[in-house]
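Dumping what TrEMBL says about this protein:
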| type | residues | note |
| --- | --- | --- |
| COMPBIAS | 99-109 | compositional bias 'Low complexity' |
| COMPBIAS | 114-131 | compositional bias 'Acidic residues' |
| COMPBIAS | 201-211 | compositional bias 'Basic and acidic residues' |
| DOMAIN | 256-421 | domain 'Hflx-type G' |
| BINDING | 262-269, 287-291, 309-312, 375-378, 399-401 | GTP binding site |
| BINDING | Ser269, Thr289 | Mg(2+) binding site |
Amino acid sequence: MSQSPPERPLAVLVGVQLPNVSDTDHAADLAELGRLVHTLGYEVVATVTQRRDGIAAGTVLGTGKLEELARLTGGRGTVPSGARAHKSKARERWEAEAQEAAEAAAEATPEPPPEAEADEADDATEVEEAGEEHAGPRPTVVVVDHELTPSQLSNLERATGAQVLDRTGVIVDIFHRHARSREARMQVEIARLNYLAPRMRESTGSRERQQGRGSGDSAMELDRRRIRDRLAELRAGLATIQQDQENRRYARRDQLRVALVGYTNAGKSSLMRALTGSEVLVADQLFATLDTTVRALKPETRPRILVSDTVGFIQKLPHDLVASFRSTLDEALEASLLLYVVDASDPTWPAQLEVTRSVLREIGAQGVPSLLLFNKADRLSSEEREALLQQHPEARVLSAHSPDDVAALRQGILEFFERAMIEADLVIPYARQGRISEVYEHARVLSESFDENGRTLRIRALPAAIARLTHAFGT
Ligand SMILES: Nc1nc2c(ncn2[C@@H]2O[C@H](COP(=O)(O)OP(=O)(O)OP(=O)(O)O)[C@@H](O)[C@H]2O)c(=O)[nH]1
Ligand SMILES: [Mg+2]
């Protein structure tokens, strides 16, 4: 078997092309899976695909393809009937993590793994031929581009001798590694336990059956109960944090808010940095951002405009993750303007935009005014830019790296709010002068005059802010 483990574990991708999926879509799907796997820290060395009418119930792939896959990983290529195979070391470690997750306190920050950043240097790993003789290390991980049932997963592991992950597992793991704030970590842990629990149950059961132990059910029961308890604890903790957040959002409710939304890696954080001068993380990896950051647009405006950077979307985003990141997305729901960021240099952008739109529809944000931004335009030819504008005359074509483009976008945001704001007179009784800063926070003061009733301010603000201020200062 393999000698010293390589720096980056090697992985093989597996995809089944179903009849309703075009060649281009299939290739794009696998390319995206490859990027996910790379972000997770693996080196993709081969891809095995097969056209089939459906995913094979037992092993995903048909017999021949399964053998081909097993030749790469050094497995037998068949699922031994009856006898249960023992688990790979990698898999045991992975499952143990679920246990740890059940035990770990939510505060414990996971150590960030060595990740895919600017690592063209290790792209030199040679692609292994599916030949008989293996000189280099073999792939130890097989990543399947479909959601697997627990039994498909264990069958594939037995046939390949490698650890098997499915697309959801990969995404859940990336989220797990990238989550930084306490809230994001708790959300991810919930999704992860939900994902791991049924898979762990099956394999724990198999091991016990294999060893012929009678105590299996009670041990399993114990694990299950522990996970259930941990989930309850997490949900309660999360509810408290979310209440705090809701209060904070409530305090910001009349402020001028813009949210950057879009597919992962589209350039949301880059635009956030450029628009607000903040130091949010920008990285060429999927799901670099999991926490919402809110910062004021710079140079500051009166009233201030707040910009939020949000978690990115991806196709086939596991449902649990959508649910757990809902509160993050509520930021988007409360914005007055959504900036849909699209990586125009990615040929699959139309599909990515559709995913963004559908997730936002799902959370009920379809009614929020929006601006479509074709980002990374520096990678496009002028013809391509023109074509985009022809197709979407309402959109802006820009690059987060161009200060001029960012300044123009800022101007566009200001104009949007200028159009949305209205003017009104606000009378502030002398007894309430102490709270005048609230007015400045939510409105632009155009002029002021004094009489026996108090101070009268001519203000410009969003209609909701005017309504609330009038109510707050009303006599
Ligand atoms: N050439 C070019 N690259 C860009 C542009 N905007 C962003 N990038 C690069 O695209 C990659 C992803 O950018 P991010 O800003 O982290 O993207 P994001 O949308 O926040 O991604 P997630 O947080 O992972 O969802 C980084 O390597 C950026 O440097 C652009 O306008 N032009
Ligand atoms: Mg980001």
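Here the Cβ of each residue, glycine as well, is placed from N, Cα and C on the backbone.
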Given Ser399 (GTP binding site) and Ser269 (Mg(2+) binding site), what distance in Å do their CA atoms have, once rounded to a whole number?
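That separation, Cα to Cα, works out to 12 Å.
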Quick test of your reading of the structure: among the binding-site residues Gly262, Ala288, Val311, whose CB sits under 6 A from ligand 2?
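Among Gly262, Ala288, Val311, near ligand 2: Ala288.
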In DSSP terms, helix, strand or coil for Lys376 (GTP binding site)?
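For Lys376 (GTP binding site) - judged by DSSP and reduced to three states - the answer is coil.
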Do any of Ala288, Asp291, Lys376 (binding-site residues) have a CA within 10 A of Ser269 (Mg(2+) binding site), and if so which?
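So far as Cα distances go, the binding-site residues lying within 10 Å of Ser269 (Mg(2+) binding site) are Ala288.
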Tell me whether Ser269 (Mg(2+) binding site) sits in a helix, a strand or coil according to DSSP.
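Assignment for Ser269 (Mg(2+) binding site) reads helix.
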Can you tell me the CA-to-CA distance separating Lys268 (GTP binding site) and Thr289 (Mg(2+) binding site), as a whole number of Å?
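Lys268 (GTP binding site) to Thr289 (Mg(2+) binding site), Cα-Cα distance: 9 Å.
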Can you grab the distance from Val311 (GTP binding site) over to Thr289 (Mg(2+) binding site)? Cα atoms, rounded to a whole Å.
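Taking the Cα atoms only, Val311 (GTP binding site) lies 5 Å from Thr289 (Mg(2+) binding site).
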Here are the binding-site residues: Ala288, Val311. Which has the lowest count of other Cβ atoms within 10 Å?
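If we count Cβ atoms within 10 Å for the binding-site residues Ala288, Val311, the smallest count is at Ala288.
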